[in-house]
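Enquirer: I am attaching a structure below and will ask some questions about it afterwards.
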């Protein structure tokens, strides 16, 4: 069962759930909390690689990722990031989220943006128990026109679901947690699997 707005506010008040900066009550709706777009992005560079062998040797996968992923792009206030049709880009939420070991979160895109062709997450919309950090957004423009994305705009909504008990291996205690405490648009770390 997902938390309702009253429960989300109570969990925030009690410090069991942390969203920083804390959203105003106007952004806590029914069963979700609206989140905004941060100012950090990462894209694929123009490249000539025919493919990335994801099951290849880790050092080769790492080198291929380094060749195709851009450095982090940080926008100044008022600047826009343009996502063209057929392009994939990474970004982050403005908010940093910390979940306890007995709560899982879910990210959903906004219907109004989806109707323009913007996918906010390609597959990864679960936020693990014990997670702490900004949420990485996997943008894809499936529409026909470039989309101007500006830091601070409403980009998605989080919902939260209590678990039957605390997870034995929450994200923040796992040795193999590749994205622990991420604050920026961290590129794929599949080479760390």
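Note: Cβ is positioned from N, Cα and C throughout, glycine not excepted.
Here's the feature list from Swiss-Prot:
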ACT_SITE  138  active site, proton donor/acceptor
BINDING   110, 111, 112, 113, 114, 115, 128, 136, 137, 138, 171, 178, 182  dCTP binding site
REGION    169-193  region 'Disordered'
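For the listed features, I'd like the structural context: burial, neighbours, distances.
Expert: Counting every protein chain shown, 18 other Cβ atoms lie within 10 Å of the Cβ of residue 138 (active site, proton donor/acceptor).
Under DSSP, residue 112 (dCTP binding site) is assigned to a helix (H, G or I) in the three-state scheme. Sequence-distant neighbours of residue 112 (dCTP binding site) (same chain, 6+ apart, CB under 8 A from its CB) do not exist here.
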Enquirer: Could you check the binding-site residues 110, 114, 128, 137 and say which one's CB has the most other CB atoms within 10 Å?
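Expert: Top count of Cβ atoms within 10 Å goes to 137.
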Enquirer: How far is it from residue 110 (dCTP binding site) to residue 138 (active site, proton donor/acceptor), counting Cα to Cα, in Å?
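Expert: Cα-Cα, rounded: 14 Å.
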Enquirer: Measuring Cα to Cα, tell me the gap between residue 128 (dCTP binding site) and residue 138 (active site, proton donor/acceptor) in whole angstrom.
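Expert: Answer for this pair: 17 Å between alpha carbons.
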Enquirer: Just the number: how many Å between the Cα atoms of residue 138 (active site, proton donor/acceptor) and residue 114 (dCTP binding site)?
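Expert: Distance (Cα to Cα, whole Å): 13 Å.
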